[in-house]
Amino acid sequence: MAGKQAVSASGKWLDGIRKWYYNAAGFNKLGLMRDDTIYEDEDVKEAIRRLPENLYNDRMFRIKRALDLSLKHQILPKEQWTKYEEENFYLEPYLKEVIRERKEREEWAKK
């Protein structure tokens, strides 16, 4: 029982650190999501290309709005900030698929 409490306490502590970092990074104040800020290497570019049109358009809207706010040295009103609890990693499944396919191609190339 004591072990479960220790795991629960460390999980809450780690979640608190994640929330703090999410807010400290500042991208949420511009309305961006975490996946909007990922460095675009070849795998990420391919994953973005595979996004459904509505997700791609939402991403482009957030990025363009963030650029506009940044140029004006402004941030969104607090009620429009992206919240940690509402974050969805929309690019992750597509990125995992692209990486899996690339690794599979590399394995085939070795044979």
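Cβ atoms here come from the backbone N, Cα and C positions, even for glycine.
According to Swiss-Prot, the protein has these features:
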- Ala2: N-acetylalanine (MOD_RES)
- Lys12: N6-acetyllysine (MOD_RES)
- Lys12: N6-succinyllysine (MOD_RES)
- Lys19: N6-acetyllysine (MOD_RES)
- Lys78: N6-succinyllysine (MOD_RES)
- Lys78: N6-acetyllysine (MOD_RES)
- Lys83: N6-acetyllysine (MOD_RES)
- Lys96: N6-acetyllysine (MOD_RES)
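A separation of roughly 16 Å, to the nearest angstrom, links the Cα atoms of Lys78 (N6-succinyllysine) and Lys19 (N6-acetyllysine). Nearest to Lys83 (N6-acetyllysine) in space, judged by Cα atoms and limited to the modified residues Lys12, Lys19, Lys96, is Lys19.
There are 13 other CB atoms within 10 A of the CB of Lys19 (N6-acetyllysine), with all protein chains counted.
Reported as a whole number, the C-alpha separation between Lys12 (N6-acetyllysine) and Lys96 (N6-acetyllysine) equals 27 Å. Each of the modified residues Lys12, Lys78, Lys83, Lys96 was scored by how many other Cβ atoms lie within 10 Å of its Cβ, and the smallest score goes to Lys78. Taking the Cα atom of each, Lys19 (N6-acetyllysine) and Lys96 (N6-acetyllysine) are about 24 angstrom apart.
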